[in-house]
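Asker: Quick paste from TrEMBL:
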DOMAIN    60-393  domain 'Amidohydrolase-related'
BINDING   His69, His71, His243, Asp318  Fe(3+) binding site
BINDING   His69, His71, His243, Asp318  Zn(2+) binding site
BINDING   Arg78, Tyr141, His178, Gln246, Ser323  4-imidazolone-5-propanoate binding site
BINDING   Tyr141, Asn320, Gly322  N-formimidoyl-L-glutamate binding site
Amino acid sequence: MPAPHSRLLWRDVTIFDGQQELPAPMAVLVENGHIAKLCRTGALTAADTDDARDMGCGGVITPGLVDCHTHLVFGGNRADEFALRLEGAGYAEIAQAGGGILSTVRATRAASEDELLAATLPRLTALVADGVTTVEIKSGYGLTVADELKMLRVARRLGQAQHGSLPVRIVTTLLGAHALPPEYSDDKDGYIRLVCDEMIPAAAAEGLADAVDVFCEGIAFSPAQCERVFDAAARHGLRVKAHAEQLSNLGGAALAARHGALSADHIEYLDEAGVHAMAEAGTVATLLPGAYLTLRETQLPPVEALRRHGVPIAIATDANPGSSPLFMPTLMLNLACSLFRLTPREALAGMTANGARALGLADTGRIAEGLRADLCVWDVARPTELAYAVQPGRLRQRVFNGEITHDRTQERRDER
Ligand code: NIG
Ligand code: FE
């Protein structure tokens with residue numbers, strides 16, 4: 001890895017700033033972990049270039065990618081269920097028969113914290129190698145206080161500066177209300193009481209959760225139950241989000257919006273009233289094309305209505321063992337366009353500026369002076385190409401919090 005250097009300079013690059021492409025040629029100067037200057041290359045002064053390390057010319061610089069919805073920490077896998085679905089079994093049917101999420105719950109409960117950490121590292125490494133600098137990780141496969149906290153601890157450890165951690169920022173979400181665990185099979189309200197009265201307070205007390213999520217669905221929890229979770233989160237100062245309108249329309253996104261949700265996610269079955277409620281609350285619409293593809297969903301999310309109401313759209317992998325075993329954020333850019341008809345600009349904004357917004361982060365996901373320097377330099381000529389082609393290997397450099405963590409040009413120089 002190259003030695004850290006306090007001033008890094010790129011010239012004659014094309015910038016996608018998180019919302020749009022800026023007219024080339026641009027220059028970016030990174031200093032002390034921040035974007036110190038963003039200007040036309042011709043406007044650089046001697047003071048800017050003085051003592052700055054030349055990081056190269058050409059290519060496209062985007063904000064580091066933000067994957068704002070993942071279930072990266074889990075035990076086992078669901079390859080068998082994948083095969084069953086190919087033989088005709090449905091996602092909800094498998095879940096009702098005790099498979100699906102609950103089979104991952106069994107494997108996750110059986111795994112130690114260290115085992116979960118070891119299982120998650122390669123998945124997180126794949127995201128990082130594809131340009132992710134910020135990733136949200138949910139719990140939701142423990143479903144006891146101890147197992148949910150175990151998952152959150154693993155997520156936290158992955159991002160802390162220590163042996164085995166990666167250069168990536170991790171945001172954690174408590175998803176206790178993901179599925180009903182077998183111990184509570186005829187007491188959904190009792191389980192919701194456990195989430196509200198024990199899980200949320202414990203996660204908050206240990207500082208393990210940055211937000212609280214729910215799965216509002218017929219196969220999971222009702223709007224009234226989700227509302228109790230939102231109220232408990234608020235009592236502990238935690239923002240909320242929801243898996244909503246994924247398989248049916250229960251009004252979960254509107255409910256979440258009324259509780260000030262950061263985002264409502266999936267939302268294929270969202271109606272106009274729900275879109276309106278999200279717009280009013282400033283709730284981000286997180287679209288998850290990987291789950292749509294894997295479940296062979298046919299109901300498209302209401303993209304046109306989201307645009308009309310000015311709801312910010314984020315895109316994420318939903319990386320998980322069941323509905324989206326897809327650990328490749330740049331693939332989602334392409335799928336968001338091909339499946340949901342987003343423009344490449346919207347897809348890129350969805351994995352940068354709007355992804356950050358879905359996590360409540362204002363200091364990353366955009367390229368502007370004064371923000372954290374989380375950047376990707378790509379070997380492409382135009383930002384559109386990133387959504388157009390699914391082609392691993394185009395990440396030239398990755399900058400995390402002002403430090404170069406990956407530099408192919410350096411590797412090439414080292415080889416000579
Ligand atoms: O985002 N919708 C519910 N939860 C996950 C699926 C988790 C799983 O199948 O393991 C999702 O699709
Ligand atoms: Fe999810």
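Positions of Cβ are set from backbone N, Cα and C atoms, glycine also.
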Asker: With the Cβ under 6 Å from ligand 1 as the test, give me the qualifying entries from the binding-site residues His69, Arg78, Gln246, Asp318, Gly322.
Answerer: Gln246, Asp318, Gly322
Asker: If you count Cβ atoms within 10 Å of the Cβ of His243 (Fe(3+) binding site), leaving out that atom itself, what do you get?
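Answerer: Taking all protein chains shown, His243 (Fe(3+) binding site) has 31 Cβ neighbours within 10 Å.
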Asker: List the other residues in this chain whose Cβ sits within 8 Å of the Cβ centroid of the Zn(2+) site residues His69, His71, His243, Asp318, in sequence order.
Answerer: Thr70, Lys138, Asp265, His266, Leu288, Ala291, Ala316, Ala319, Asn320, Ser323, Ser324
Asker: If you measure from the C-alpha of Arg78 (4-imidazolone-5-propanoate binding site), which of the binding-site residues His69, His71, His243, Asp318, Gly322 fall inside 10 Å?
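Answerer: Cα filter at 10 Å returns Gly322.
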Asker: I need the nearest neighbour of Ser323 (4-imidazolone-5-propanoate binding site) among the binding-site residues His69, His71, His243, using C-alpha distances.
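Answerer: Looking at Cα distances from Ser323 (4-imidazolone-5-propanoate binding site), the smallest one goes to His71.
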Asker: Counting Cβ atoms within 10 Å across all protein chains shown, which of the binding-site residues Gln246, Asn320, Ser323 comes out on top?
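Answerer: Within the set of binding-site residues, the most crowded position is Gln246.
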Asker: Max Cα distance spanning Tyr141, Asn320, Gly322 (N-formimidoyl-L-glutamate binders), Å?
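Answerer: Max Cα-Cα spread across the N-formimidoyl-L-glutamate binders: 12 Å.
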Asker: Fill in the CA-CA distance, His178 (4-imidazolone-5-propanoate binding site) to His71 (Fe(3+) binding site), as an integer in Å.
Answerer: 11
Asker: What Cα-Cα separation, expressed in whole Å, is found between Asp318 (Fe(3+) binding site) and Gln246 (4-imidazolone-5-propanoate binding site)?
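Answerer: Asp318 (Fe(3+) binding site) and Gln246 (4-imidazolone-5-propanoate binding site) have their Cα atoms 12 Å apart.
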Asker: Provide, as an integer number of angstrom, the distance between the C-alpha atoms of Asn320 (N-formimidoyl-L-glutamate binding site) and His243 (Fe(3+) binding site).
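Answerer: Checking the Cα atoms of Asn320 (N-formimidoyl-L-glutamate binding site) and His243 (Fe(3+) binding site) gives a distance of 14 Å.
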Asker: So how far apart do the 4-imidazolone-5-propanoate binders Arg78, Tyr141, His178, Gln246, Ser323 get, largest Cα to Cα in Å?
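Answerer: Per the listed residues, the maximum Cα distance equals 20 Å.
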Asker: Of the binding-site residues listed here (His69, His71, His243, Gly322), which is spatially closest to Tyr141 (4-imidazolone-5-propanoate binding site) when Cα positions are compared?
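Answerer: For Tyr141 (4-imidazolone-5-propanoate binding site), the spatially nearest of the binding-site residues is His71.
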Asker: Could you work out which of the binding-site residues (His71, Arg78) has its C-beta surrounded by the smallest number of other C-beta atoms within 10 A?
Answerer: Arg78
